[in-house]
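The following features are taken from Swiss-Prot:
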- C16, C18, C36, C39: Zn(2+) binding site (BINDING)
Amino acid sequence: MRKGIHPEYMECKVTCACGNKFEVRSNKPEMSIDICNECHPFFTGSEKILDAAGRVDKFKKKYNLG
């Protein structure tokens, strides 16, 4: 590889919106993320079920579709 053209690869402190902090390697010294393995529903096992039927009924009522 040519010297002087690649970004510096360093330890990166990552902070999640839920408060979880961990370190990875990146070309940035720190990052903030919205979701991580501590708060993502896939990893936590808690799913949020959307009330799709209620939304459809609300739409039909709003536009008088019967």
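Cβ coordinates come from backbone N, Cα and C, glycine included.
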> Which Cβ among the binding-site residues (C16, C18, C36) has the fewest C-beta neighbours inside 10 Å?
Replying inline: C18
> What three-state class does DSSP give C16 (Zn(2+) binding site)?
Replying inline: strand
>> Just to confirm: which same-chain residues, 6+ apart in sequence, have a Cβ under 8 Å from the Cβ of C39 (Zn(2+) binding site)?
In response: C16, A17, C18, N20
> In the same chain, outside C16, C18, C36, C39, whose C-beta lies within 8 angstroms of the Cβ mean position for the Zn(2+) site?
Replying inline: A17, G19, N20, I33, D34, I35, N37, E38, H40
